[in-house]
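Right, one structure below, let's go through it.
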């Protein structure tokens, strides 16, 4: 005796409704051999649809045994059941259950997508099946463009896509007119002659008479099993042979590509909802990139503005502290202190510093200038550079020469009209003639003075003896050597100055402390604003989760159809995860573009007040963040979709 294709022994199915248990199927014994055409007939509520769901591995029996080719279905995992549906079973539904956003070919090839068949191969087979069923020229029509009979033919082609050894037809003519119904029944009869095993579920005896065997079910029990045709069965269709095994990488890439294609179709079908979902991500990512860019711009601007402080610089000024009202009357800070400091091993360079104001003239041009007296090491201590010329030598300082270095403001004010080089030119500083030997770079910042004023540097000895007639200086700047602990050097300098002065009539100003304090404040400010932007991004992420949950609810029926044609739980989860990630990545891209374009416009309008620097690590991080958001906030909706019961999903409309 041959092994039956389908065998049920004592199968029952019950459901819990509150505290009560409802028995839908009771003690079903059924055997269907390969190549049979069976009609299961019964009135509404008789249990015939539940029986079909169990036969199609969409549902599990509560009791008894169900075997397909001797394989106990009860022992199979959800993914194994999906494989069984995918490889052996094809469904034909009363209402077709086609994907509205896919073409006829796209709908037919869905089972082959989950069977990991190559794209070109499944396209060829889908087209051939449609041609065979009289739908040549309709390959790229969407379901809405097809009649009911044509849609049912597409459904039949889908059932045959992976072989269709067993075809389960649930009221296949229920939604068709009589002519289309006859055509569909003729197709099903022909498929049975070709060896397909057919099970038709119907309430219409006229439809049931087309089968060789009629099984009547009433109140969950089989009450009649009649053979209407005793002619020999056609040779049964052999199980669909396994497709050549493809590399895992190729399978994965193909599945991702198809999931991406389906995600794009779903997004396009709900464009407004997709745009609203993206909006939260767009503005969240734009906020993060903009804030980071503005923070980076502010940081660089701050660095430029405090760059004049130099590296490891300690400044000495008269007075016990910045609040000493008598600081202006203290005359004890003298050039000899700078000489003593220069002899210390931890000191790299030293320069006295003092300033005054004067009137500078060149030919018919004149301007008020800030005059700064410095030593030969001043430009080294402050880290300042020259655009042209040279700095002072120790000999020029010792001899109190009238050599001068001007800034770029002076060059533009006095020499821009003539276009000549300032080097070697003689200027009149009040009544003293000075010769220009250098021009400071345009981006030079001068400590303690306004950058929009004109500055001129002379040897401090020249200012002391020729301009001001005094012996004390306004300050001394000290640069410690590389690798020297700046805090320890500060303490040692304080001890040396106390020994020289006998009292603490000076104060120390450690520029590195200021630099670190400014940078720390800037960093703290950036972190705080970034956190605010991240909160906005998080809120947008919750929107993604919310919309994806809504999407799962709206597309429950679609999920059921995909499961019916063989989609694994992993396939469903991957589908919705990719959709969530795609939404977030697209939103991330738009957010970055919005931030860059908006930042450029903002910087152009605000100028140097609020500069924005594009931080490519931040841009890269934004994309990674968008991807992570899609995966994290899309996981729960995707998981919910993957865990849906196929029967419940299919019954959802």
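Cβ from N, Cα, C; glycine included.
Feature annotations, reproduced from Swiss-Prot:
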- 6-244: domain 'ABC transporter' (DOMAIN)
- 42, 43, 44, 45, 46, 47, 48, 49: ATP binding site (BINDING)
- 275-295: transmembrane segment (TRANSMEM)
- 525-545: transmembrane segment (TRANSMEM)
- 576-596: transmembrane segment (TRANSMEM)
- 616-636: transmembrane segment (TRANSMEM)
Next item on the list: Compute the centroid of the Cβ atoms of 42, 43, 44, 45, 46, 47, 48, 49, then list the same-chain residues not in that set whose Cβ lies within 8 Å of it, in sequence order, for the ATP site.
Entry: 203, 217, 218
Check: Out of 42, 45, 47, which of the binding-site residues has the smallest number of neighbouring Cβ atoms within 10 Å?
Finding: 45
Checklist line | Model confidence over the domain 'ABC transporter' (6-244), averaged pLDDT | finding: 86
Margin query: To see if you understand the setup: which same-chain residues, six or more apart in sequence, place their Cβ under 8 Å from that of residue 44 (ATP binding site)?
Written below: 203
Next item on the list: Just name the most isolated of the binding-site residues 43, 49, going by other Cβ atoms within 10 Å of its Cβ.
Entry: 43
Notebook entry, point to check: If you count other Cβ atoms within 10 Å of each one's Cβ, which of the binding-site residues 46, 48 has the most?
Noted result: 48
